[in-house]
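Once you've had a glance at the structure underneath, I'll fire off some questions.
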Amino acid sequence: MKIFVPLLSFLLAGLTTGLDWWEHGNFYQVYPRSFKDSDGDGIGDLDGVTEKLKYLKDIGMDGVWLSPIFSSPMADFGYDISNFREIQTEYGDLDAFQRLSDKCKQLGLHLILDFVPNHTSDQHEYFKKSVQKDETYKDFYVWHPGVHGPNNTKVPPSNWISVFRGSSWEWNEERQEFYLHQFLKEQPDLNYRNPAVVEEMKNVLRYWLDRGVSGFRIDAVPYLFESDIIDGRYRNEPESRTTDDPENPAYLVHTQTMDQPETYDMIYQWRAVLDEYSKTDNRTRIMMTEGYTSLPKIIEFFGNATANGAQIPFNFEVISNVKKNSTGADFATYVKRWLDAKPANRRSNWVLGNHDNNRLGSRLGENKIDLYNIALQTLPDIAVTYYGEEIGMLDQWIPWNETVDPAACRSDEASYSAYSRDPARTPMQWDSGKNAGFSKAAKTWLPVADNYKTLNVKIQDRARKSHLKIFKKLTKYRKRQILTEGDIDIKVSGENLLVYKRKVDKVGYVVVALNFGTEPVALGLSSLFDRADQRMQVVVSSNRVSTPDNVWVDVDNYVLIGESGIVLQYLWGKNPIVS
């Protein structure tokens, strides 16, 4: 059966010149524990990151975003913070942080920290004092005495379920009350209805801004507020009827524990703190927000008519919806959905991987690694890359006895692999030496991937063509005017050929062709775009494509092999040479 997909097309106006540093920025997520170990303990650290900053500069990055580095008992690998103003000792200390910050400035890189405001560790002094009903801290968290249950017992005040399964309420014997935890029981939720909490968390931001950071990525934003208490009780959430497992968070529709109206005002208040600093030296501090929620809710993070919010509310349309068998038409749908929803005066961003998802090649297809990196670097505005995706790192199977991810460890040996995020967090593969050049330790915190001897930075940097070489060429090329300012016209031909054109009048245009299918397809550009020139110059293509860079090709008859991409250019009035 032949499937016909109608031609999709839409056009966006060109962007203005004089861009701020972040508006067309390339951001790189470093998972510090896995990036580079400088002291031989098998765990990555800040001095290791500092050692590799030159590499990040060389591959075209503008911003370096660090996953959490603050003091933590590591119940959730840094997302359970016991002191917001200290560095986790495994990663270094404040002096190591200062070395990192200074080196970033020297190289022209912007340092972004992970800010985890929804909760703390249960080992934080805030929580310990709250348990003791210290006058200052007694209402720093969400407490409730419980309601009467059978046989004169106390039961939780609502049916809320945590992200990590089971009740969101945990009984504290010392205080004789329940406390709320939307994540692990070791991660009690802060009470943002308390003005003292709001001010204290603003002061945490100021502390790190004073130390020179360029912004923050805000974790788990939709969970900041819950619906307020009414008549001594919290409102129950309705059943979703999508699962019969009452411990599963999907058992409920989270109408009371996510996306509350007060959340957006809190984001706007934090943006105001960042702007205080930006005004003092005319250097923009940025906010990224993480929220796995509906697209309209994500768009609200941008701000409104009276208040600015996050410059970069993470766009999860692709990461949440595109699968290994997705077509070009599918991909275009999710790209268009974001572009249609985004306010005209805001910047797009594209996120294809992170520490909570399987690696790009494992999730979407190893053959398509370059295809997706081509898309990431040529779609409008901001790109975010998870460490190792530039070389095509893949998930590494981790046996049960070496699994450390709390999400997996709370299951069992039969089912843990469905929950574990460890496979996408293995050490960075720098070279073919011991532990892939990550560490000199006898044992690393997670096993190094089995393929490190053939898949690493050193090998790819020396190859004639490789994922890394393609990535570096893309990041260099995307700084050109057509990709920083150009409008975009997207079309889908058949089911699997996605083609988009970026153009600047009187300068030229770039055409990006992505073949999501397994079969070769002729581009046929003259049938897709008006005034398409017959011949265009190859800028860069997937590793699977044999056509050399810089050659000119017939854009109607050129055949693009399956699961690959190519970038073509035509500069008006010039015979372009691509460096």
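Cβ from N, Cα, C; glycine included.
Here the structure is a predicted model, which means the values were calculated and not measured.
Pulled these from Swiss-Prot:
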ACT_SITE  Asp219  active site, nucleophile
ACT_SITE  Glu290  active site, proton donor
BINDING   Asp37, Asp39, Asp41, Ile43, Asp45  Ca(2+) 1 binding site
BINDING   Asn118, Asp189, Tyr223, Leu224, Glu226  Ca(2+) 2 binding site
BINDING   Asn325  N-acetyl-beta-D-glucosamine binding site
CARBOHYD  Asn118  N-linked glycosylation site
CARBOHYD  Asn151  N-linked glycosylation site
CARBOHYD  Asn282  N-linked glycosylation site
CARBOHYD  Asn304  N-linked glycosylation site
CARBOHYD  Asn325  N-linked glycosylation site
CARBOHYD  Asn401  N-linked glycosylation site
SIGNAL    1-18  signal peptide
SITE      Asp356  site 'Transition state stabilizer'
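If you look at the structure here, what lies around each of the features I listed?
Of all Cβ atoms in the shown protein chains, 19 besides its own fall within 10 Å of the Cβ of Asp219 (active site, nucleophile).
Spatially close to Glu290 (active site, proton donor) yet at least six residues away along the chain are Arg217, Ile218, Asp219, Ala220, Val221, Phe314, judged by Cβ distances under 8 angstroms.
When Cβ atoms from all protein chains are considered, those within 10 Å of Asp41 (Ca(2+) 1 binding site) total 15, not counting its own.
DSSP classifies Asp189 (Ca(2+) 2 binding site) as strand under the three-state reduction. Sequence-distant neighbours of Asp189 (Ca(2+) 2 binding site): residues of the same chain at least 6 apart with a C-beta under 8 Å from its C-beta are Asn118, His119, Tyr141, Val142, Tyr179, Leu180, His181, Gln182, Tyr223, Glu226.
A coil conformation is recorded for Asn325 (N-acetyl-beta-D-glucosamine binding site) in the three-state DSSP classification, outside any helix or strand.
Other Cβ atoms within 10 Å of the Cβ of Asn118 (Ca(2+) 2 binding site) number 22 in total over all chains.
Within 10 Å of the Cβ of Asn151 (N-linked glycosylation site) there are 5 other Cβ atoms, across all protein chains.
DSSP assigns Asn282 (N-linked glycosylation site) to coil in the three-state reduction, placing it in neither a helix nor a strand. When Cβ atoms from all protein chains are considered, those within 10 Å of Asn282 (N-linked glycosylation site) total 6, not counting its own.
DSSP assigns Asn304 (N-linked glycosylation site) to coil, not to a helix or a strand.
Around the Cβ of Asn325 (N-acetyl-beta-D-glucosamine binding site), the same chain contributes no residue under 8 angstroms that is 6 or more positions distant in sequence.
A 10 Å cutoff on Cβ-Cβ distances gives Asn401 (N-linked glycosylation site) a total of 6 other Cβ atoms nearby, all chains included.
Annotation for Asp356 (site 'Transition state stabilizer'): spatial neighbours Arg421, criterion Cβ-Cβ under 8 Å with sequence separation of six or more.
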Run through the Cβ atoms and count how many others sit within 10 Å of the one on Glu226 (Ca(2+) 2 binding site).
25
Cβ-Cβ under 8 Å from Asp37 (Ca(2+) 1 binding site), same chain, 6 or more residues apart: which ones?
Ile43, Gly44, Asp45, Gly48, Pro427, Phe438, Ser439, Lys440, Ala441, Thr444
Which residues does Asp39 (Ca(2+) 1 binding site) neighbour through Cβ under 8 Å, counting only same-chain ones at least six apart?
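Result: Asp45, Asp47.
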Of the recorded positions Asp41, Leu224, Asn304, Asn401, which one has its Cα closest to the Cα of Asn282 (N-linked glycosylation site)?
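Closest by Cα distance to Asn282 (N-linked glycosylation site) among the recorded positions Asp41, Leu224, Asn304, Asn401: Asn304.
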Work out how many Å separate Leu224 (Ca(2+) 2 binding site) and Asn304 (N-linked glycosylation site) at their Cα atoms, rounded off.
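About 19 Å separates the two Cα atoms.
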For Asp41 (Ca(2+) 1 binding site) and Asn401 (N-linked glycosylation site), what Cα-Cα distance in Å is obtained after rounding to a whole number?
20
